[in-house]
Amino acid sequence: MLFFKKSLIILLGSILVAFGINFFLVPFHLLDGGGVGIGLIIHYLLNIKVGLAIICISIPIFLVAWVYYRSFFYNGIHGLLFSSVVIDFLYPLHIAGEKLISNSMIGAICGGFFVGLGIGLMLRFGITIGGTDLLAQMIAKLLRANPGLCILAIDIVVVTVGSILVDSVSLFHSCITVISVGITTSMLVKRHY
């Protein structure tokens, strides 16, 4: 029963994250933080699929988890692989997002909400979707901190690095995305940890 429940959570969380990324963030070239943000930066720079980029940047962090936090590794590897496939599979949603969403602020807030909802839902069950989420989870366990706040700190670093790619309006909206993801994730996991 636990396997079925976790599988359902991974499916639902992955769809929410993929929807947030592809429908709201990609059409406006918005950034997020963490593994998703790095995946978006790589996508915008090199036109590599976001999910594939997330897998590539997550490998070193998952190797650390394999050595020091084996349970996080096992819970995270399924979320990483499945969500990355779903993100790339639902990439065509960006076409609908371009046509239906006219304001990048709406994209930033709603994209952040859906990404945070998916990540937060999975974190409640110890599942991560990318290396930096796993890193945040390991830091949160070590420091007994809220993983959502750890994710927010990492996200700020990633968006700062990604700021060389976007104009000032997109950068501002990307910061709104990070805040939206952090708040939504924190609300879902604050009582769990």
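Residue 1 is the first one shown; counting continues down the chain.
Cβ from N, Cα, C; glycine included.
Some features that TrEMBL has for this protein:
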TRANSMEM  7-30  transmembrane segment
TRANSMEM  50-69  transmembrane segment
TRANSMEM  76-93  transmembrane segment
TRANSMEM  105-127  transmembrane segment
TRANSMEM  148-165  transmembrane segment
TRANSMEM  171-189  transmembrane segment
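Within the same chain, the transmembrane segment (171-189) packs against the transmembrane segment (7-30): three or more Cβ pairs sit under 8 Å, each pair at least 6 residues apart. Contact count against the transmembrane segment (50-69) (Cβ pairs under 8 Å) is highest for 76-93, out of 7-30, 76-93, 105-127.
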